């Protein structure tokens, strides 16, 4: 096939765009090179190895084998091309197309060639013809281009590929092979399946291995890629426009990378990009993407050295060479053994895979990666080489791929010669076909350019002192020797100098000639070009860092302040393109009031790197961290004892979270904060405070660490041994070392070691009252010795010892009667202790150690049971008797009653059920069984209690009912108190009632009488007390289908939401009233809950009924009021509305369900100064006036001006502008800034009326940065200059001279005098001083360098920059010369500052200095809370009563979804920081340098918030995405993002974000993942349906603790009022977890407290006793008995306690709990039962002296609470008698 017969195959070029004229361009790449290298070995020039065989002639029958010499062929071809061009009329077109840059670039080279030809007698060519040499660029890499690349980096989701001409491409994981894409789809599908958890974990592990791209690729591997695109459109930050981003994305799919190839084109030596279809025993089946049945086979021996068979995976891509075909032509034999080596003779040799293409059926066989022979037809053209491949295809090589810097190309490659080359790319739009090739040795060999990693030899950032220039290309740049053999460096022409523009380069002259040396820096490397990328720019050499990766954690760096962020913190510039962020807490060691004064933009700072992110480094400016020489903790792999400085990021009641470097956090327990006792860390530490700590232990796998502030050397082995030997109850002596208001710190003496410190709280000083203790502590002095103290408790880990000076406890300890273990307490014992705290169930009594017990209300003396806190207070000394003791469960019950008052009851443990059909004491006296209560039965009921919406009544002792408030009144006039209709009903009243149905307590709904058996064994009957219903012969109940539109009814408020009121017409008919349909009185609508409380009556009428959806809409307005829609709206109407949305400059108001309007800023107030969207909040009810109605677009404009909605006679400061006719020339107008542009300001004057202010009309004087003076929404005043009615244009002026009409003369030099203080701005900064421009004038003068500061200033620019606001003093005025001189020394203004500033900066300096000197932690121990309160929470958790109901209560309305401790609204996480205290430091400036102060900027000035994203609350999805980049594992942030989308009603987006969170959060952060699962459950419960909730719940159970998820779902159901579903989930939970006590307790509590079904709870108790182990029975029965007392039958509770006392004979605490229950729920029988319990407790054989003391003490408290002095004295007498008897017993012993 000859050149004249080349075939065009346009159909084989997919995605090829329309043909464009081939525009000439410079061969220089159009971007800065990224990486460079030199090449080893000379260019290969050989004679032709193509054989003229018969076979070849058959392939090219029409002259394919030309007999012409290369020169003759070239001459003929040029002449033919010339003729064709002139015949087409384009004789000069080619020349005109070529750019000037190309002609200049090769001017010298062409001139040299022309001169040479002329010297031989030839004539110079008139024009350049033939193929152009073009380098690849972003512009030329159009879609469809094929290019050869080298794998540079392997990421998780893409491959980074180095391309020719310093380009970089990216191959997404979805574009590698179809096998990998299918596997990804399978993974996505599997993530939602319902397989077992173990199977999913195994599959996920396998899939993770399969999808590790490092197993598919090798760095340095060569591939052929298909260009998908080289640019992409990305949205800007404001989402209003798009910009083009350069990014090359490529594909390795064989059907694309082998574009144009067919089975006929697959000649030996041709390369194909294939993927592994399957791995067989003898080789690999390869997918070629050529369609049909054609497959490839790669034998194992042809794999090469890069991969082994074990490395092969299905879908793995390989670049292969065709080595042959099978006889049937269906299998292509392949080889991936591509690497070649140069022989000693300079020839290339290698495996079959390195064969060269010697024959080709078509031109489509010439694809990138294929080795060919090129016939050189032109040398030096555009700096490269032009040639032909087999006479068919044009081939070009640019300057970089012929190593043009090594020597002259004419000497290296000769025209007419044939050279070995490898194709590197195609040009899809070229016609005729053209390819690019390379003769670089490493590309020819398919091997790296260097045997060692170049970036290991010279990492990025390395500075080379003397880089020698070895090559110069005038328009490309320099090639330098960097000291690495075979890999040179390349300096792009734009990278040569940053101080001057380099126009042209010369090899023989100039600064950069060959042989010159320069200081240079490595900035990258390109493995495809084999070149280092080098820069000789001064600014690059001086940069500290070139990449963010170069910034090391813990390093000390220097930078300049770039920006003060709006909400605190700084942006610091470390080097070009690398910034650091300083959080507000890390700006200084002390909080600065005005940090902008110290850290002005441009100020140099010294910082330390805390962490390094993907784009930014986190820094600290704290001197305690910057100047610290302690080791850096940047990982959890740190030995114990390591000392370092950390920062407190969170204060907790139990300690603090301390953060070190690289986001490593540790927990600091409160006991490790100081040697002194600390109760509340917030009293002594602040968030953001830096403290010195040492590591106690670290767990790298769990990423946990614990630290301490205590001096490790101060507590040695001797102290540890002494503390260990110290016994509870031991009597010790101590010396007072410190005294505070609430406790005393003592140092123990005589305990075997010094340094042991104890805490004596004020409550443990005496047995008396708090006043006595306070008087006692006043007498104690530091250094005083205190003897006879008893050790109450110790904590060896925290080195904490609690002491007591109570005589009662000291005496008990001396007598060995102070309990230190639970085993020391037996039933009947009388013991002395103290009150730990008082809760709802009773009094908690403590002793030594952790021994504590409970005194139930029934066990408190009767006279105290009604007192607040039962008449007891913390640390009160008591004497209690052990009622019941369970040593195994560590549960003790005490009684404080005297022994004589203990109740006497005998019985056995039995649990009985009430026959549901048996009637006990019917109120009507006639009914016998429950079955008699049928629908329509008239009976009597006794009022038990009156609620807001119902009356609870009893039909018999064991049959209850309810009367809904709607079933009491016949008509509206019968209601005496419409806000509280049930106010007149009294407890105990007997009412005539009629049975209407059953009340479903689970769902709070009305049921027919036939449903009672299926729902509850003891039904709650629904009753009516209306006289008409009782008298009616046939009772007809009102139902939804009987309601008609317009009918009037009386409803009763059931619940209130922000949008609606839900009202009950009957127990079974419920409707809703929109808030706006309640009344026209706005004052009532603004506080709906106040004017329409729960249970109140509302007169309403029906406006719509939907029986299919069970929906009823009501209105409380007059029935004559028409329904509001856009057709009924008229301008001028004043109507109420509800605010639904508040944005920056307007609010959205709902007028009805489907009608909304907008109030713009200009229509909010008659005085624009008062117009602010902050005056409105969502769901506010406001009065609005309709301005305009756009019916076609369904838009309504509203106004809230008082003159519009209230009274038109009200004063109006800013009149309404309805049209341009309302604006007159020369009048003053105020408006709001609508837009700030380069053309000026646009001011909104009214609806659709906008005025324009030119830039020249903004100010009388020149303002450089005038845009900063204005922001959108700002109020401005100006004078109307012109009004053009036809065009609708208004022009205003803001010039003060135009507004006032007076031209104010600007001050001149004569208006100043020496010594005067003025303000101004820096106009210019010179080496000899700074020029100051006085504010409001054109007067400027010099402040000499000697007058800048009180010290000598070397560089003025370091202190001031242009635009800085300063205060200056006039030093000298020279009127003749018109000069004025200023001084800026701080000493000039010292007196002025003292007079004008209420608190100077000295306090800040002192605080700063103290911080620097100390460097540690200074604790203020003057205010310490009771040490005994430290264990309050533990006591509550361990107590019997506080853990009754483990399920949390439902959240209050308006708080949003919540679960797991997270605020689902996301509002709390970004609350504003509190204001600084007055005592905070104002400045941290050094005492020897006084810096000038800037004028305070206006608060409403807009600032660039781009850098403030880390310190402000997120306001958009973009903000959340940015925050998540830095905190991908923060579940709270993910949940806030979900809540943000839910607020926008974007449910699907919220679900997508939740799924992203689960995939993104690290697998180890199980708690974070669990929080997201809980949020998803909440979300689906509130916004989804049963199916979506069930799906999420099943997945949550698989990935989390199943029991925990079941209980969480139950809590969510209870919180949302779905009790029936909660009941169902409880039943499911019990089936799966039958051995878990809390699950049974939760369900029992739910049945008692929520469903009010004690019968079911009693049935469940039987099941629990059978399922749970014996050790759990006592706790189960105790809590069940308490629930019987509080929510069931107290008599059953007494029976349970009586039987437990008999069974658990060693549990004295049962008496205490028993007595407490009797005291709290006395059932109206007074203290008799309580006294009986106490008396029995004292007679119990387990009641010793200590227990008796507790019993008497609590009994006395109860009697005191009841207020009966007679019984108080009786208890005291019993106690004295007991003590005397005890004393006698001791004496007798």
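Using N, Cα and C of the backbone, Cβ positions are placed for all residues, glycine too.
Where the annotation comes from TrEMBL, it is an automatic prediction and has not been curated.
What you see is a predicted model, and the numbers here were worked out from it, not measured in a lab.
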Correct range for region 'Disordered' (source TrEMBL, candidates 1349-1389, 1472-1512, 1513-1553, 1554-1594): 1472-1512
DSSP residue counts for the domain 'S1 motif' (828-897), split into helix, strand and coil: 7 helix, 34 strand, 29 coil
Secondary structure content, the domain 'S1 motif' (1132-1201) (per DSSP, counts of residues): 9 helix, 34 strand, 27 coil
Segment confidence, the domain 'S1 motif' (936-1012), expressed as mean pLDDT: 82
Secondary structure composition of the domain 'S1 motif' (1226-1295) [DSSP: H/G/I, E/B, coil]: 7 helix, 38 strand, 25 coil
Structural state census, the domain 'S1 motif' (936-1012) (DSSP three-state): 10 helix, 36 strand, 31 coil
